[in-house]
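Below: the structure, in structure tokens.
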Amino acid sequence: MNNTNAAGAAGTSLQAEVVQSSLMKLVVVSSGIPTDEEQATGLEKVIMKAMKEGSDPYNMMKPKSYAGSKADPHLVPSITNKRIVGCVCEEDNTAVVWFWLHEGEAQRCPSCGSHYKLVAHELPH
């Protein structure tokens, strides 16, 4: 009787594998190649979700344009209370003016007077 049960269990297991295999083929055939969103895992998935929501957690996209005035300063994200900023000053300028930007009020570029403001930025991980 044990041999019969063992044979029956093996047959059931084989049937389950065939059904599962058929279902997997059906899923692959019906949906095709998975999209990036379906295939992403871990940090990549977190970044893709944030980008869909309009956030750019690692500043991968072009920064937004600001007037650079005291009322509308260039916003500079930072995970610390200060950051080195480079200002090109003029469109055709080849030299970059580097200066420290500190937390608090907007600060001016020492060369052209364009305003920059440091804003807190937290990484998603």
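Every residue, even glycine, has its Cβ placed from backbone N, Cα and C.
Positions annotated as N6-acetyllysine by TrEMBL: Lys64 (among others). DSSP assigns Lys64 (N6-acetyllysine) to coil in the three-state reduction, placing it in neither a helix nor a strand.
DSSP classifies Lys82 (N6-acetyllysine) as strand under the three-state reduction. In sequence order, Trp100, Leu101, His102, Glu103, Leu118 constitute the residues six or more apart from Lys82 (N6-acetyllysine) in its chain with CB-CB distances below 8 Å. What TrEMBL records for Lys82 (among others) is N6-acetyllysine.
For Cys87, Cys89, Cys109, Cys112, the entry in TrEMBL reads Zn(2+) binding site. The DSSP secondary structure for Cys109 (Zn(2+) binding site) is coil. Taking Cβ-Cβ distances under 8 Å and a sequence gap of 6 or more within the same chain, the neighbours of Cys109 (Zn(2+) binding site) are Cys87, Cys89, Val97, Phe99, His115, Tyr116.
Long-range neighbours of Lys117 (N6-acetyllysine) (same chain, six or more residues apart, CB within less than 8 Å of its CB): Pro73, His74, Leu75, Val76, Leu101, Glu105, Ala106, Gln107. Per TrEMBL, the feature N6-acetyllysine maps to Lys117 (among others).
Counting other Cβ atoms within 10 Å of each Cβ, the binding-site residues Cys87, Cys89, Cys112 show the lowest value at Cys112. All protein chains included, Lys64 (N6-acetyllysine) registers 8 other Cβ atoms within 10 Å of its own Cβ.
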